[in-house]
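> Reproduced below are the annotations present in Swiss-Prot:
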| type | residues | note |
| --- | --- | --- |
| BINDING | Tyr18, Cys62, Asn67, Asp101, Leu102, Ser140, Phe141, Cys157 | S-adenosyl-L-homocysteine binding site |
| BINDING | Tyr158, His161, Trp162, Thr238, Tyr369 | caffeine binding site |
| BINDING | Asn179, Asp261, Phe263, Asn264 | Mg(2+) binding site |
| SITE | His155 | site 'Involved in substrate discrimination' |
| SITE | Leu267 | site 'Involved in substrate discrimination' |
| SITE | Glu344 | site 'Involved in substrate discrimination' |
Amino acid sequence: MELQEVLHMNGGEGDTSYAKNSSYNQLVLTKVKPVLEQCIRELLRANLPNINKCIKVADLGCASGPNTLLTVRDIVQSIDKVGQEEKNELEHPTIQIFLNDLFQNDFNSVFKLLPSFYRKLEKENGRKIGSCLISAMPGSFYGRLFPEESMHFLHSCYSVHWLSQVPSGLVTELGISANKGIIYSSKASPPPVQKAYLDQFTKDFTTFLRIHSEELLSGGRMLLTCICKGDESDGLNTIDLLERAINDLVVEGLLEEEKLDSFNLPLYTPSLEVVKCIVEEEGSFEILYLETFKVRYDAGFSIDDDYQVRSLFQVYCDEHVKAAYVTFFFRAVFEPILASHFGEAIMPDLFHRFAKNAAKALRLGNGFYNSLIISLAKKPEKSDV
């Protein structure tokens, strides 16, 4: 099965769907919002062509469920807030927003939410229906999505750490896994494996920057957030917990060792230095803001499905309940690609073991996602300088 067919979140609205298990990402969006507002402010002040008529925006790797429209809401509110503060003709410009993800993404779950979303925008922001136009643009963001110099602002949250393919060179000349017992580029991976993953990320991210710089108008902005490398004090990350669970299944004879050794996640968590270096070497963008932040991976537990704060009793419950929350979120993201390789039947047992590992990590006070946020401005063409 092609990677693009399985690289998506759990769709629908069931118990293991991304729509029901993405409150952690809502907290990440909250962290990003001040930088988003500043990015929008600088964009509107840049007075790009046609920006007073229609601001063209895209969310790359938008996923599905309510978080997709939370991102849209934050972008629209930021544009309206800046327009009101600046008291200019951009107070309520038309906004055209393209939602991008791979073809297997559950766009329908987003479309079902649009009528109520438009009504809410009209009630809370005074935006007439038709002044914010939302549509889908399916396809890989490692390829061309929009005409040249047609976009004002590109946004992506928790997507660019996904690679376009599993790196080559992960199998030795003897046909043996070079990353035996490991499912991604971890600290325990051999140097050649780490280099293979770094090379693939460098190639993909360079392509991403080049292609989307061509789609942006000169002076256009791009805001990216992705998972990045942590430090020793963070303890095991969730992929390490998954890796342990898979290895346990192999040791107990419930899963073939070959299945483990032939599985490599198409995911890379870069360091801040790597991202900075790639942007500078590609050369199309100026870095306006670059920072990292960390959030415990049970932090979103304090937010319920309607993004309301839970009771103190719920927030301060034991680590097993919080581990279940972490497991549902992780499952919503990773189950499609795991099930395509290991089979649907083993998923309940696998995630049960994952939950046990997560509870232990939380009990020890470990468990953080490290994130990187970078704000970019497209450099003017030499002829424009």
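Any Cβ shown, glycine's included, is placed from N, Cα and C.
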> His161 (caffeine binding site): which of the recorded positions Tyr18, Asn67, Ser140, Phe141, Leu267 is the nearest Cα neighbour?
Leu267
> Using Cβ-Cβ distances, find the residues under 8 Å from Leu267 (site 'Involved in substrate discrimination') that belong to the same chain and are at least 6 apart in sequence, listing them in sequence order.
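Counting only residues 6 or more apart in sequence, the Cβ neighbours of Leu267 (site 'Involved in substrate discrimination') under 8 Å are His161, Trp162, Leu163, Tyr184, Ile239.
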> Quick one: of His155, His161, which of the recorded positions has the smallest count of other CB atoms within 10 A?
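Fewest other Cβ atoms within 10 Å, among the recorded positions His155, His161, is found for His161.
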> Please work out the number of neighbouring Cβ atoms within 10 Å of the Cβ of Asn264 (Mg(2+) binding site), leaving out its own Cβ.
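For Asn264 (Mg(2+) binding site), the count of other Cβ atoms within 10 Å is 23.
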> 10 Å Cβ neighbour count around Leu102 (S-adenosyl-L-homocysteine binding site)?
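So the Cβ neighbour count for Leu102 (S-adenosyl-L-homocysteine binding site) comes to 18.
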> For Asp101 (S-adenosyl-L-homocysteine binding site), what is the secondary structure state per DSSP, taken as helix, strand or coil?
coil
> Fewest other C-beta atoms within 10 angstroms of its own C-beta: which of the recorded positions Asp101, Asp261, Glu344 fits that?
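It is Glu344 that, of the recorded positions Asp101, Asp261, Glu344, has the fewest other Cβ atoms within 10 Å.
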